[in-house]
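Colleague: Let me give you the structure first, and then I'll get to my questions.
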Amino acid sequence: MYRMQLLSCIALSLALVTNSAPTSRSTKKTQLQLEHLLLDLQMILNGINNYKNPKLTRMLTFKFYMPKKATELKHLQCLEEELKPLEEVLNLAQSKNFHLRDTKDLISNINVIVLELKGSETTLMCEYADETATIVEFLNRWITFCQSIISTLT
């Protein structure tokens, strides 16, 4: 009789361990995706902050919307909504002295990662802050967001 309970207990324990295993793997996957997003955002920021960028002052005139609060992955919806304007500003700023390699690919990569991280079911309506941000502030805030989420996962 006790043997049957013990076997049931072992079976349930194995089921729990098996079912919980993907969670740790998905946390690792989320962390890796956030790290890739972070690197892409930093690459854009480094290209903009390059001392040889003659169009930086022009780029700073464009304003981007920032969410009032960005603390969860679902808030990446707000970043996704600003990717098209970001790409347009980066394309305007291209010159022979300043060229972000594969701007379209970078934006595409960011978009794919954002879609995977926030999930396709997210229909969050972004609540934007009253004040807008320059391209540098915009990128810095999203970089900080990624770093913050990564730190909670580790």
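Just so you know, glycine gets a Cβ as well, placed from its N, Cα and C.
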Colleague: Between Cys78, Cys146, work out which one Swiss-Prot annotates as bonded to Cys126 by a disulfide.
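Modeller: Its disulfide partner, as Swiss-Prot records it, is Cys78.
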Colleague: Under 8 Å between C-beta atoms and at least six apart in sequence, can you list the same-chain neighbours of Cys126 (disulfide bond), or say none if there are none?
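Modeller: When sequence neighbours closer than 6 are ignored, Cys126 (disulfide bond) has Tyr65, Pro67, His75, Gln77, Cys78, Glu81 within Cβ distance under 8 Å.
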Colleague: How many other Cβ atoms sit within 10 Å of the Cβ of Cys78 (disulfide bond)?
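Modeller: So the number of other Cβ atoms within 10 Å of Cys78 (disulfide bond) is 23.
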